[in-house]
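The structure under discussion appears below in the form of structure tokens.
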Amino acid sequence: MLFFWSLLSLAIGLAASQQTPQTGSNLAELLQSMPSCGLQYLSTAIAASPCLATDTECSCSNATITAEVNQCVTTSCTIREQLRTKNTTETICGHPVRDETRIVSYAGVIGCVIAFVAFVLRMLSKISFPCEGALKVVNNLWWDDAIASFAMAEIIAISVLSVELANLGLGKDIWTLPPYNITQILKIYYFDEDLYLTALPLIKISILLTYLRVFTSKNFKISVYIVIGLNLAYGIAFLLVSIFQCLPIHCAWTRWDGSDPTCKCNDINAQGWTSAAFNVILDVLTLSLPLPMLWKMSLNKRKKFLVMMMFSVGFFVTIVSIIRLQVLVQFGHSQNTTWDYRSVGYWSTIELHASVLCACMPAIRNLIRKFQPRLMGSSVEESFGTKGISAGRSRNSELEIGPKTPQVQVFPRKRDPDEQDFIPLNDVHGVAETTSTGQTYGHRSNMSDFQFFEEGKPDPTLERPVSPLDYRR
């Protein structure tokens, strides 16, 4: 393992010890912690040094001393001895200790909380508790929600592990950590990679399954199934590559010290870059798939803005994926893994959390619309009961259906032109309500909307899709 050695000579350390708090027994303890191989080459470098014994700054920054000792230590000392030598000289020279462990843990915790809240809101938007009649739960959960739930469970695990990684020292220089911590960090990181490579395609598959609930075009559905297949292939292929990146498998977290000559590993850097590049391509495919359908629609400006807002979250995920590519430069080839892997770690968690937000945005919009219809672009207020029906008579035509006693009125709302191309995000299952004569005169959807239609006429919502952008709760 090659390091940039800024080694300080024994003589300089002793001289400096007379002028600094690093005196007597402290300096002796530091020198005793240095491996004999490092101390030997240090003495040789001191003899050839042009710096004065009292010039600590010159000795710590001298390129000649650094190069000579670096070459000798890396060829004669083990990796663990190199780390101990590096830690000792860094301490004697008074170099600052870098620590970004908080960024690693904060990115995991804060992002997970935001993603989990979005996930809960998504589920609440699919479940309603009717207040009429017996207490029961009406839900509209489907496979996209099941896939999203599984992905969320993996993301929670990744976020929890990020806190443990920070506690062990991810975000510090490797030479400042004990060997046990280094091994544990690489071990947890290994399992984090596997969870990451399965959670990402699952989130995209959840989004694609949501598309199937919205758009009815046959060609579009075929395209969606193709992209789902690509995501499945990506997840399976790179998961297997990640699991068997080293043989034996435990070498993925034990080979760092070079103590096991039987370890054989892939090019981890090339593996990471290939995975990230394919992930960006799948992001673009998944997010751009519905754009032609949306482009054809005659949406008003407000609705277009809301749709673009939802999709902008998805493109933010793509931007994060591209940024993550930049931090993969040292991945797999790093000599300071616990420091260099910190950025790969927190950008990966940010990417996962943003992906969950993207998958939950349409459902969150529906939930907000249920309580704030005007905020989400609804133009028609819905109300039920005598007061609402009476108010509706002044602006809508009445249709008498069924027997004269009791009478039921229907007040059809006007539909926007853009509703022709959409179906509800939630499937509508008609529940027949019959009169005393056995005639079906109405349907109730599982989304807590109530609509009445004339006798003998089919439910128009089954023939003409209702836009999820204008679906009123």
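Each residue, glycine too, has its Cβ placed from N, Cα and C.
Whatever TrEMBL says is automated annotation, not expert-curated.
Fair warning: this is a prediction, and the values are worked out from it, not measured in the lab.
Per TrEMBL, these features apply:
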DOMAIN    31-93  domain 'CFEM'
DOMAIN    137-370  domain 'Rhodopsin'
REGION    451-473  region 'Disordered'
SIGNAL    1-17  signal peptide
TRANSMEM  103-121  transmembrane segment
TRANSMEM  142-163  transmembrane segment
TRANSMEM  195-212  transmembrane segment
TRANSMEM  224-250  transmembrane segment
TRANSMEM  270-293  transmembrane segment
TRANSMEM  305-325  transmembrane segment
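Between the transmembrane segment (195-212) and the transmembrane segment (103-121), the number of CB pairs under 8 angstroms, six or more residues apart, is fewer than three, so the stretches are not in contact. Long-range contacts of the transmembrane segment (224-250) within its own chain (CB-CB distance under 8 A, at least 6 residues past either end) are made by residues 193-194, 197-198, 200-202, 204-205, 208-209, 211-212, 262-266, 268, 271, 275, 278-279, 282, 285-286, 289.
For the domain 'Rhodopsin' (137-370), the model's average pLDDT works out to 86.
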